[in-house]
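Visitor: What TrEMBL records for this protein is below:
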TRANSMEM  B:12-35  transmembrane segment
TRANSMEM  B:65-83  transmembrane segment
TRANSMEM  B:95-116  transmembrane segment
TRANSMEM  B:142-161  transmembrane segment
TRANSMEM  B:191-213  transmembrane segment
TRANSMEM  B:228-256  transmembrane segment
TRANSMEM  B:268-287  transmembrane segment
Amino acid sequence: MKRNIRDQLIWLAIAVGGWLVIDLLTLVGIISPFILTIITMIEINVILAVSLNLILGVSGQFSLGHAGFMAIGAYASAIVAEKSNSIWGFALGILIGMAISGIIALIEGIPTLRLRGDYLAIATLGVSEIIRITINNLEITNGPKGIFNIPAQADWSIVYIFAAVITMVIVNLVHSKTGRAILSVRDNEIAAASLGINTTKFKVIAFVVGAVAASVAGSLYATYLQSITPSNFSFMQSISTLIIVVLGGVGSITGSILAAVVLGFVDIILQNYGALRMVLYSLMLIAFMLFRPSGFLGTWEFSISRLFSAKNKSQKESK
Amino acid sequence: MQVFIQQIFNGIFLGSIYALLALGYTMVYGIIGLINFAHGDVYMIGAFIGFYLITSLHLNFWVTLILTMAACALIGMLIEFLAYRPLRHHGAPKITALITAIGVSFLLENGMTFLFGGDSRPFPQAIKLVTYHIGFLDVTNIQILIFVVAVALMIALQFIVQKTKMGRAMRAVSVDTEAASIVGIKVDQTISFTFAIGSALAGAAGVLIGLYYNSIDPLMGMTPGIKAFIAAVVGGIGVIPGAALGGWLIGLIETLTYSIGISSWKDAAVYAVLILVLLVRPTGIFGKKEGEKV
């Protein structure tokens, strides 16, 4: 327990250190407002990728519907922020988004998580598209026109804090007793069930936590970019989060963060190529998958405790 | 009531296109378990090839159709050879193959946008439009053409899969790739053939939809691609008659939501039916139930 607290504190220090570095570089003027926007989008992508990785990599459920939950969070925050532009409005928007996403994920998860592999993927894609089409047809969400002039409530450092906290919560969940149950369901559902693990329960826990985190990412997206339309949350958004997770390595939280950062900077570089941008991006994606099919890090995970103890290291690797 | 029946007819014509596309998805998924996201873009390429054959070379419709199918077959084989085969040989995880397919889809869409611009362009009227009035129904010769061509291709496909040596090899590989290779079936060649046939059907669908809607653009493959995949899933993936049925079902749902005046919900209706079917029959309407192996 003591070691665990020490590791948490080290992580916290790393997170605060990262914040200080970005803050300092902004003050000095090395980070321009343009790059700061990219950094904020990277932070949002970190939340999305880490939470999708919990569903896909840790619990082994192939979800293609992350954008739907993101949309719920974004619209909840946008609507609340328009009524009340204060810290309370900001918090309320995020909470409402989390609650709705959690409930929908629960209703969606219990029946659909019985489906396997690609069938689950296509069902979650369906739910996500139904959410988007519903938003497209509702009055309160301003239909296909979307919502503009949303009060700016999130800035890069608020998003950074959320990204760090959500990552720590998810990593701790993975290492908890619940997390080990989720991992066992991924590795062998039948074996886990025969040990008395309620497989549906743990799949649903991972799914709901992932969905709620995606909703927070959506809330931050809306209150940072200040304008949203339903087309921001089409299935292409789910796909781009999926790409981050697979590029980083399915199952590696460290990989998801690394891939979000790398893709963010690749995006900056590709901005110079105009119309060729997406062609180069897709070629890179194909080439990367062909030469490194398991992603940047595979299932490798950066771990503080491993840095401190060699014995621990050999244990974890043999796992 | 008249509108309703008219929409059922329209749904069957539209559904034929989805069915043609769904066949390609279902065959590829049946044989290598890959959701070939680039399939909808092969259909887009087919429409563009048809466009250039008619406008530049002034070929007639039937020659265009056959040449487009041949060209798309080659493109399908090329995609399989360059992008999917190396992954398969390295035993890469399924999700890697899926991301590669998404990459290929992006490449085709953006490559075409880069080369030919993103605007939609009018597809030439290779066949003069004639509208027949049967009672209160309006049916155009192009709709009939689409239906007849689609059904003829489906029958041809069924024949290839059931009666020819290659078809038998395809079925064998889809049941058990390893066992098939042990008994001397050339697995790579068979998979390549599957891609060729599926892509040829997509190419035909592309030309037919160009003729029907008179408008093509580089992003036209995205939505029909997803819907055709849904059609394949609803029908029971890997089952050829299932894909056809699924395609028509999706076409009907779309036009019926239009006829009852909720057309902005048409995609939601398609997804809702998909989810309902999956919840009742997790492997689709005609799908086989998979046993759990311990």
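Even glycines carry a Cβ here, placed using N, Cα and C.
Just so you know, TrEMBL annotations never went through curation; they're auto-generated.
Can you walk me through where each of these features ends up in the structure?
Guide: Sequence-remote contacts of a segment are chain residues at least 6 beyond its ends whose Cβ falls under 8 Å from one of its Cβ atoms, and for the transmembrane segment (B:65-83) they are 38, 42, 45-46, 49-50, 53, 59, 100-101, 103-104, 149, 191-192, 195-204, 206-207.
Sequence-remote contacts of a segment are chain residues at least 6 beyond its ends whose Cβ falls under 8 Å from one of its Cβ atoms, and for the transmembrane segment (B:142-161) they are 9-10, 12-13, 16-17, 19-20, 23, 65, 127, 129, 167, 170-171, 197, 201, 204-205, 208, 211-212, 240-241, 244.
Packing against the transmembrane segment (B:191-213) from elsewhere in the chain are residues 13, 16-17, 20-21, 23-25, 27-28, 31-32, 36, 39-40, 42-51, 61, 64-65, 68-77, 79-81, 85, 88, 123, 125-127, 142-143, 145-146, 149-150, 153, 157, 160, 166, 169-170, 173, 220, 224: each is 6 or more residues past its ends and has a CB under 8 Å from a CB in it.
Counting same-chain residues at least six beyond the ends of the transmembrane segment (B:268-287), those with a Cβ under 8 angstroms from any Cβ of the stretch are 227, 230, 232-239, 241-242, 245-246, 249-250, 253-254, 257, 262.
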Visitor: Grab the same-chain neighbours of the transmembrane segment (B:95-116) for me: Cβ-Cβ under 8 Å, and only residues 6 or more beyond its ends, written as numbers and ranges.
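Guide: Residues packing against the transmembrane segment (B:95-116) from afar: 32, 34-38, 40-42, 44-45, 48, 79, 83-84, 87-88, 218-219, 221-222, 225.
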